[in-house]
Every structure is written in structure tokens, then in C-alpha cells.
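Single-structure report; data block below.
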Amino acid sequence: MESAGLEQLLRELLLPDTERIRRATEQLQIVLRAPAALPALCDLLASAADPQIRQFAAVLTRRRLNTRWRRLAAEQRESLKSLILTALQRETEHCVSLSLAQLSATIFRKEGLEAWPQLLQLLQHSTHSPHSPEREMGLLLLSVVVTSRPEAFQPHHRELLRLLNETLGEVGSPGLLFYSLRTLTTMAPYLSTEDVPLARMLVPKLIMAMQTLIPIDEAKACEALEALDELLESEVPVITPYLSEVLTFCLEVARNVALGNAIRIRILCCLTFLVKVKSKALLKNRLLPPLLHTLFPIVAAEPPPGQLDPEDQDSEEEELEIELMGETPKHFAVQVVDMLALHLPPEKLCPQLMPMLEEALRSESPYQRKAGLLVLAVLSDGAGDHIRQRLLPPLLQIVCKGLEDPSQVVRNAALFALGQFSENLQPHISSYSREVMPLLLAYLKSVPLGHTHHLAKACYALENFVENLGPKVQPYLPELMECMLQLLRNPSSPRAKELAVSALGAIATAAQASLLPYFPAIMEHLREFLLTGREDLQPVQIQSLETLGVLARAVGEPMRPLAEECCQLGLGLCDQVDDPDLRRCTYSLFAALSGLMGEGLAPHLEQITTLMLLSLRSTEGIVPQYDGSSSFLLFDDESDGEEEEELMDEDVEEEDDSEISGYSVENAFFDEKEDTCAAVGEISVNTSVAFLPYMESVFEEVFKLLECPHLNVRKAAHEALGQFCCALHKACQSCPSEPNTAALQAALARVVPSYMQAVNRERERQVVMAVLEALTGVLRSCGTLTLKPPGRLAELCGVLKAVLQRKTACQDTDEEEEEEDDDQAEYDAMLLEHAGEAIPALAAAAGGDSFAPFFAGFLPLLVCKTKQGCTVAEKSFAVGTLAETIQGLGAASAQFVSRLLPVLLSTAQEADPEVRSNAIFGMGVLAEHGGHPAQEHFPKLLGLLFPLLARERHDRVRDNICGALARLLMASPTRKPEPQVLAALLHALPLKEDLEEWVTIGRLFSFLYQSSPDQVIDVAPELLRICSLILADNKIPPDTKAALLLLLTFLAKQHTDSFQAALGSLPVDKAQELQAVLGLS
């Protein structure tokens, strides 16, 4: 077809007439298959009078060349390259230039710089041109081609950085500035150490360029700010010397109320990221005060007159969830404070933040008081330990006072803060149930009918607080259940019913068996919602599935008769309703049921795993974001007619995604993947051998999700892979076979290296913590098999050592920031604790002799955290890790006695009970396993522990002293326990808090029976007293009871008089019970 005829067809497509567009589309698809179509399109893109036609032709040419470039003859390719560059130089319309630049980028992706020297010449000539329009065209072309293949430009980085240093200074040309920043955005992740001096020169100019762009075009400025994000994230320290200037610029924009919300929010997102990656430098450069003084007024800003913040509105039509979801600068400023709490040591943040908080909370303005409560809420996330130890009573009092504030705005914030406190300040906050529960119940009852948004806030706080109460919920159970069941019985909105059903789950988690009297009524309501066909009740249906899963875990056995019905119901709903949230909750239900049914779930596993595989593989909800230039997607499928021909062609070229500027993902689909991973991991462990036929396919899909951009999905995938290893190990134990062993070894061979890689390279601390926890679980479950490949033990020790030395990617700081600072953010301390938990597991898996050389490397790293200047949390972690590792080392710990004992003796005198408790436990296990080197120090150890038992008031520490004394008595070289010590130890029983030490006490009873039973005549009354107290207690290990009864039977038979005299000291009912158990009545 002639270009004139093609032009007419394209014109038809631009008309506002659907029928003509349809016909023209059909014709065009036929025309474009002809060989003459490409020359006609090239003619139009270069010479059509109408810019819309030129742009349309450029887009269609690009889409054709995308898959057909290599089929063109060499002369045709050269001719096209020349024609496009000429057209680009002549073009005066921006939209056409952009399409031509993208067409050039498509060819460049195929050819590279070497095969297209004219492109490089044009870039060099145009970007240095004295004429502004030509320079702008050059920078536009540069930004597009660099984005299409950034690695190809790495050899030219210095030249490009010098160019950007010039162009970013041209504040009179906003176009130049924008394309320069786009180019820098793409280059930043590829910068090397050699590029740093030149790249740093750009930072002040970047700030000036942004200051120029913001007043001209806020939308373009938002896009250009990506350059700052990329430089902040860069592995080379480009921003650090200019951190103060960058922060000042960000704060100026953030506080400028004359600007639009979009640019202020975008700059607050930059600040959030800056805090995350440059927290140490912020403190070092004293930038925290100006940051806080800017953020607080933004958080406290009042909405326009007559309006409310989004989260304070009570509109059923546009239901906003309880989380802060408003798209206003206020909510993003709160997120910056949250990030500060997560990444700064609380000792540095709280003293600067608290005076501002106190002033806000005293203010007459409800929005100031609200700001104070919002900041308190997010502070509990990152500085939870600090608040628990030092500030909880006064801060909780402030929050409770907020629940009774005259302003609804403040009451809403107080409910949010209480919900966050309940989530982040466990277990301490639960001890305030007497103060909090009456307030919450009164608030719940005061919410007027129909005010579901206020009800949602009240339920959020109530759920989070109640969920962790355990037995403390019992006094409030009748009132709580009446409130919830009333909401379900009475006519109320679907949202109110959904909230009540959700709250029932939290109440069940706390109440456990105490919920049984209400179980029939709850099930009646849940059944009604689960079987409903009403569309408006679908959220209630989904919530009912989730609560059903919670009930299965909470009430246990009484749910077993309903398990099969629940399973069928879940599968049926997945079949009928296509909804990611419904699937997510159904999978959680299946996981809960697997705990009850075990291998009884086998008949449904094929259906369940088929659904889960679809969820793991699904790309639903992942939406390509197209570059603003590509308004012509009519012909996405214009090559369909040639599909068969292309399939025959071995040289089919890949689709070019250069139009796609990114992907947006709906969170519900990420949540679905995360919960699928969690559920399938749990099901694999609970169903064991029955899961084996599905293991391989599920494993492969979960493994792929380690590359997922969403951190919660990566975290869940790592956790599931660990559970698969544990499930395979369990299957090998119950059903040993070569294929099962091979499957376990193959899984470990992939999972363990992926864990090591994640610890070293993953940037998100939450993911690394989850990986370390999963690794610990795999080591405990699979033991020596985890370490099978040669060198694996050394590799794992190296990875854990890197965490303790703060050398992993998620702990990374600029070299300039590296300086000794005793304070650290609580999340950084938690990361070290997770590594610490893996060390004893590794010792136990490797065996003492193999692990001893590596322990010698860990020892100085742990001991240095017990010194005088260290925090309580650090000392507790270090001493706890040492003590647990001594157990893993066993007899091999003897060689370390001289280095360990001084540390344990000094920390046993600490003021903090947890540190003392860990140190005393450590002494006991060192006495038990340390052999002769430890026995030399027994008099010193007894000299410390014996008097300490009499004066110690903390239950857990007393229990650990009992455990340590028991170990000392059993390890005594004389094999004869000292009567005084034995009497004092037995007098201190029963254990109150650390019930695990009953195992040690049980071993002591066996030791006494075997080595010196006659010696226990003097302590017979104590033994009988202990026996009468623990006999009916289910928490005491059966072996411990059996050992004590054996000892008492010996006494009753061999020393009858002494035994009967001791029996007389007990209450009559207890004495009779004991005689019956011993068969003496």
C-alpha cells in the first residue's frame, strides 16, 4: 500500500467514531502484513504533515521491528537506522521525538553501540550542541537509550557524568534538567567506586534542578525525584557528603503547604528512604532535630475547614481500613517517624522526641493531641523494648486518657495507638488488662448504631489487646461475648458483622478452652455466613473462614468432628468465588485443619495443592504501567496472523518491554501469595508422608518467589522452604526410604545455600531475621544432614559471623559512616539475636568436637557484648547464646572454661534478672559439661549460688539457680551431694516460671536414686511435699514424676519409719493420695 493510503487508514483511527475505528483496525491488520507496509510506515514517520500520524507511524514501526528486525536485509537495516536518526534531528514536536527515541532504543537493544556508531556520534554531537532544542533532543534520546540497556553505557560513565554535570546546571531549560535526571536515575544502580568523585559533583546540581522543576511541573518533578532515590540506594556512597543539603531541600518541600500533596508526599517518601539507608549519618551530622521539627507540624496539620482527615470520616460507602490510609502528607510524615523509630537507637531518638510529644499532648488543639498519639503509636514499633523497660506505665496512661478525650479525632488516634501498643509491647502490656479492658468495653458499648467506622477502630484496638491476654481474658469473657453475639444477632450492617466475626477470632485465641460454652452459638452464626449467597455479605463470609481457622487452632479437639465439613466448605467456596482474600483465608483454614487432621487431610491434598499452585504462579493483579507516550496500544496483537509462521522460525525475537515503565501490584494478590506460602509450609509438616507426591511441584513454585519484589512474600517463601525441609525429614523418620532421603538431601542442597545468600545479600532486615529463624529450625530438625556437603559448617559459621560483625547487606553503612557507636536500633539488636539463636543449633547439629574450632571464633564477638557499657538486651543475648552453645558443645566446652567462667560469674551479679538468669543457667551447663577444668571451680560456684538462692526474689532466676545447683550436685567428683545444698535446693521447689528445668530436676532425682539413695532420708519430708504438689500438674514432665516416685518407693520400703514420719507432715488428703499412688494404702 502507498503511504498516502496508509495515512488515510491511520486518520480513520483518530476519529471519534467506533464503527469506523473498528473497520479501519481490521483493514490495517491486513495491510501491515504486506512487505510494503514497513517502507510506507517509515515514509510517514519521516514526512507526514500531521504530527499525530508521524507519532502513530513511529509506534507501529517500533512494534513491527521489535520481533522482525533480524529478518530484514543488512542494507534495509542500515537505511532504517539512518532514516530514523535523520527524522529525529528534524522533528519539532515533542511527542513524536519521544516515539522516535523509543524506536531508536528498540533498534539499539538489538544492535548495541558497536554496530551503530552513528547513534553514538549523534548523541555526542547533539548533547553538546549550542542550540537548546537540539541539546534537549539529544538528552531525550540519551535518557531513552540508556534506560533500554544501561549496562552498555558503563564504559562511558565518566563522559556521561561530565555531561550531566553541565546539563544539570542549565536551570533555564527544564526539559534538559528532566532528561538529565532521567538518565541519572538509570545510571545510578550501575555506578562503580571509580565513578563516585564525578557522581558526587552532581548532587548539589540535582537539588538545584529539582528546585527549578517543582514550580514548573510538579508531576514531572515527582518522576525526576527517582534519581535521588536511586542515588540513596546506590551501593557506592554518593550522597553522604551532601546529606545535610539533601535533607534541607527535602524538608523545605515537605513543609511548603503552597505545593500540591503529590510532590510533598513524594518528598516524604524520599525522606523515609533516606532515614532507612542513612540513619547513622543523620545522627553523626546532627540532622535529627531539624527533621523532627519539620515533621511534627506536618503530622499535626489541621484539614481544610469543614473537612476531616480521611481516617476520621464515618462513611460506609467508602470504607477505610483502620490502618492509616489517607493519601495526605500527614500520613507519610508519620511513616518517616516510624522509620526513625525502626532505624535509630531509642536512646538517641526518644530524648529529642518526648518533649515535642508532651507539648502536643498538652495542647488545646485536638489535631496536636492526635499528632502526639499517632507518633506514640508508631514509636512502639521500632522502640518497643525501650518503651517496655522504661516508659510503658506513663505512656499507656496517656493513651487511656485519649480514649476519653472530648474530641472524636483524638479518641480515634488513641484507639489506633492502643492497637499498636498491643501489637508491639507484648507481653508487658497484657498485665494492664484491669485498667484497659473496662475502658475498651465501655467504648465499644458507646459507639452509636450505624457508626461502623468508629466501631472498626474500637474493634481494632480490642482485638489486638484481647488476642494476647490468655487466661486474663476470663473475667471479661461473658461481657465480650455478649457484645459480639449481639452484633451478629441484631440487624446491623455487613461491615459491623464482619468486625464482630473478626473479634471472635481474637477472643478465641485468648480464651482457648474457656470458649467452649459459646462454641455452638458461634458456629451457628459462622455457618449462616459461610453458606450465604448474598454478595453484600461476601466480606463477612471471607472473615468467617478466617475465624473458623482461628477456632480450629484455639479449641482443638471439639473442632475435629467438624473438620471434614469445614474442608469441603472451603474447597466449595474456592470453586464458586474468585477472590484473592477468600482463597487466602481458605488456605489458612486448611493449614489449621491440618493440625487437627494430620494425614487425614490426604484425600483433599490434590485439590488443595492444585489451588495453591495456581495462587503461587498467578500473575493476576500485576498490572504493567505503560510509559505516558504509548497511547497506541490498539495493535498489541497486530502480528497474530503471523503467529504460526513465527513459531516455525527459530529466530523469533523477544518482546521488547520498553513501553512498560514498571508494574503496579494489587496488595491483595501479594497477600494471597504470602499466606499461600505460610499455609502450604504448615500443611507439609502436619501431613508429612501424605504430602510427598505434591512436594516437588510446590517446592519449585515457592522457590521462584525468593525473587519476588514484595518483602513479605520473600519472607514467607523462605519460611515455607524451611518447613518443607522439616516435613521431608519427618517423612524420612516415619517412612525411611532411599527416595525420601534423596528428596531431603536435594531440598537441603538448595535451601541452605539460598539462606546463606539471603543473609549476605538481602537488604530488608525482616527478611533476614525470618531466614535466620528458618535456618535455626532446619538445623534443629535435620541436624547433621544440614551440614553434609564438605565445607558447609564453615560457610554457615562465616555467614553468622558476618551478622555479628554487622557486615551483611541489610546492616550495610557507608565507609565514611563507620565508627564505633554502642547504641543501635532495636531491629539491629533483634537481627543479632536471631543469629545468636542459630549458633547453639549449629553446635548441636555439628557436634562439640567439630564445632569447637568455630566457637573459638564466635567467643570474642559474644564476650565483647557483655562488657560494662553494653545494653541489657546485648548482655542478655550474648550470655544466653553462650549458655545455649555450651550445651551444644557438650564435653568439648571443657577447653573454654577459663574464658567462659569469668564472663558468667560477672554477669550473674547484674541488676537485670534476665541477664542473671541466663548467666546462672550458663554456669550450670558449664559445670555439667566442663569436666575437670570446671570441677576445679565448683567451690567458687557453690559459694555464689548457695547464698544467692536464699535472697533471690525473681522466680525465673530462682528456678535457674535450682537447675544450676542440680547440675553441680550431679557433676560433683565425689558423686555425693552436699546435704546442706540438697536441702536448700529441694526447699526452693517447685519451680515457678522456667518449667523446662523440671527435666534437670528429674535427672537429679534419678541420680539420687542410683548413686546415694540412703542420703535422701533426711530430706524425705521435702520430697513428699514436692510430690504432693506436682503429682496432678500436667505441665511437669512424666519422666520427672516417675523418677521422684521411684525415689519415694525406695524410701517407703527401705526406711519405712522415716517415710511414715515424713508422711505425717502432709495434710491427710495429700498423704492418702500419695500412699495410693505408691501402692501403700
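Any Cβ shown, glycine's included, is placed from N, Cα and C.
Marked as domain 'Importin N-terminal' by Swiss-Prot on the basis of sequence analysis: 24-90. Summarising the annotation, Swiss-Prot assigns N-acetylmethionine to MET1. According to Swiss-Prot, the repeat 'HEAT 1' annotation covers 348-385. For 390-427, the entry in Swiss-Prot reads repeat 'HEAT 2'. If you look up Swiss-Prot, you'll see 431-471 marked as repeat 'HEAT 3'. Positions annotated as repeat 'HEAT 4' by Swiss-Prot: 475-513. Here Swiss-Prot flags 895-932 as repeat 'HEAT 5'. According to Swiss-Prot, the repeat 'HEAT 6' annotation covers 936-974.
Within the model, the repeat 'HEAT 4' (475-513) carries an average pLDDT of 94. The helix, strand and coil residue counts that DSSP assigns across the repeat 'HEAT 3' (431-471) are 34 helix, 0 strand, 7 coil.
With a threshold of 8 Å between CB atoms, the same-chain residues lying at least 6 positions outside the repeat 'HEAT 1' (348-385) that come near it are 283, 288-289, 292-293, 296, 299-302, 324, 334-335, 337-342, 391, 395, 398-399, 402, 405, 407, 409-410, 412-414, 416-417, 419-421, 423-425, 823, 825-827, 829, 873. Nonlocal intrachain contacts for the repeat 'HEAT 6' (936-974), taken as residues 6+ away from its ends with a CB within less than 8 angstroms of a stretch CB, comprise 897, 901, 905, 908, 913-914, 916-918, 920-921, 923-925, 927-928, 980-982, 984-985, 988-989, 991-995, 997, 1000-1001, 1003-1004, 1007. Proximity of distant same-chain residues to the repeat 'HEAT 3' (431-471), defined by a Cβ-Cβ separation under 8 Å and at least 6 residues beyond the stretch ends, is recorded for 313-316, 319-322, 392, 396, 400, 403-404, 408, 411-412, 415-416, 418-420, 422-423, 479-480, 483, 492-493, 495-496, 499-500, 502-503, 505-507, 509-510, 512, 514. According to DSSP, the secondary structure content of the repeat 'HEAT 2' (390-427) in residues is 30 helix, 0 strand, 8 coil.
In the repeat 'HEAT 6' (936-974), the DSSP tally of helix, strand and coil residues is 31 helix, 0 strand, 8 coil.
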